[in-house]
Amino acid sequence: MLRVGLTGGIGAGKSTVSSTLSELGALVVDADRIAREVVQPGTPGLAAVVEAFGEGVLSPDGTLDRPALGSRVFGDDEARRVLNGVLHPLIGARTAELVAAAPADAVLLHDVPLLVENRMGAVFHLVVVVHTPEDERVDRLVSQRGMTEADARARIAAQASDDDRRAAADVWLDNSGAPDALRPLVEQLWQARLVPYERHVRERTWDRPRPVLVPADPTWPAQARRLASRLRLVLGEAALRVDHVGPTAVAGLDAEDVLDLQVTVRSPAAVDGLADALADGGFPRHGGTHDDPKAEHPDPAGRAERLHVHADPGRPANVHLRLDGSPGQRLALVLRDWLRDQPEVVAERTAAVRDTEVLPRAAAEQPWFDAASPRALAWAELTGWEPGPPGAS
Ligand SMILES: CC(C)(COP(=O)(O)OP(=O)(O)OC[C@H]1O[C@@H](n2cnc3c(N)ncnc32)[C@H](O)[C@@H]1O)[C@@H](O)C(=O)NCCC(=O)NCCS
Ligand SMILES: Nc1ncnc2c1ncn2[C@@H]1O[C@H](COP(=O)(O)OP(=O)(O)OP(=O)(O)O)[C@@H](O)[C@H]1O
């Protein structure tokens, strides 16, 4: 099962995306719809809303008077906090029931308007954000939905900023153009990413194109942060720390487009107990069997106690599980911090790797890393290096 979170500001085009994905085969779980279900007449949800806001939010027929409640909560942060506190746990519980009832091979598309506001990104294998600039959204809501401009703007003000949504987005879909422009993007997302990703998670396998060296990508740290938050959620206290390491963790360093994340664990027993949870979370074990052709490419540095990989075909990543205080665990952090501290070494390493035709990366970089490791360790000794606070960046 693959769980995809779909979000965007009010009127951005979530329903348009979710109806296309539903046609293609996704199973849609719509939070707005569940939010209506849990306040039907006779439900504990409706009773709790009335207790918090009074009988004035009921229509004469006993149903929730949505415009009346809307006018109380949009524009009043405290009232909205109270309503969210009552309804969000009920929405969460109903969502969990729908997830439990879904077939094992489903691509579940969770349409969640408040995914970013409620910091839910790590719950999903992938987060898709639909974006349309604010003024365009207001125009669409006023002209096509009959909303007043003031109501549209009040709701927008009650929601996350574009920057926060961008930080949460694994996939950013621009819906500022004509409706026809969005469909091919959604079809491509389905075919090239969601379908293989779901199969990878279910079969505990993975696939990736042979990586090539690319110019440093300034978004690598943000991408690594999203994967790290998923790893922390899956692993809980078993992960002492999760760090973005390797060449993509050093600003300005050209590298193969494969993120390296290091999970520091307490004991070898902990490592083995985590394999299933990691696979279900989208990080299957690397080449576990002899007939797996990918087993020919073991952990590049040979230092991983275990190597897992990201099953998302659109975001290659290696996850190195290493023991706390082991030489490999320490060296990964020292090398990263040394390179971050020494721009001239970054230039030296860039030149060394650029001039080589050797692939894969492991082979190209190994001589340089073998020579660099003692220098990095000497630097660590000299400066009294200690690992910084745990984190992905
Ligand atoms: C206040 C209510 C009764 C107004 O109902 P109304 O029919 O006018 O709006 P509807 O529910 O269709 O929501 C439309 C859009 O408003 C925005 N919105 C709704 N609730 C909220 C909220 N608590 N905070 C910010 N934006 C919200 C979303 O973009 C949503 O897609 C209703 O929105 C509600 O019960 N909200 C609380 C539940 C909730 O958080 N729902 C969002 C899904 S998690
Ligand atoms: N590219 C587009 N150009 C013009 N109109 C559009 C486009 N995409 C969507 N719309 C229209 O804009 C309105 C909002 O789109 P949609 O309902 O998909 O957004 P939404 O994010 O689901 O909104 P809500 O947050 O209210 O659930 C709808 O009336 C829709 O038909």
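Each Cβ is built from the backbone N, Cα and C atoms, and glycine gets one as well.
All TrEMBL annotations are machine predictions without curation.
Straight from TrEMBL, the features:
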type: BINDING; residues: Gly11, Ala12, Gly13, Lys14, Ser15, Thr16; note: ATP binding site
type: COMPBIAS; residues: 288-301; note: compositional bias 'Basic and acidic residues'
type: REGION; residues: 281-301; note: region 'Disordered'
## Note on the structure
Same-chain shell around ATP excluding Gly11, Ala12, Gly13, Lys14, Ser15, Thr16, C-beta within 8 angstroms of the CB centroid, reads Gly8, Val17, Val130, Thr132, Asn175
### Query
Over all shown protein chains, what is the count of other CB atoms within 10 A of the CB belonging to Gly13 (ATP binding site)?
22
#### Entry: Which same-chain residues, if any, lie at least 6 apart from Lys14 (ATP binding site) yet have Cβ under 8 Å of it
Leu6, Thr7, Gly8, Asp111, Pro113, Val130
#### Entry: Residues that sit under 8 angstroms from Ala12 (ATP binding site) by C-beta distance, when 6+ apart in the chain
Val130, His131, Thr132, Arg137, Asn175
### Message
Can you give me the same-chain residues 6 or more apart in sequence from Thr16 (ATP binding site) with a CB-CB distance under 8 Å?
### Response
Val130, Asn175, Pro179, Leu182
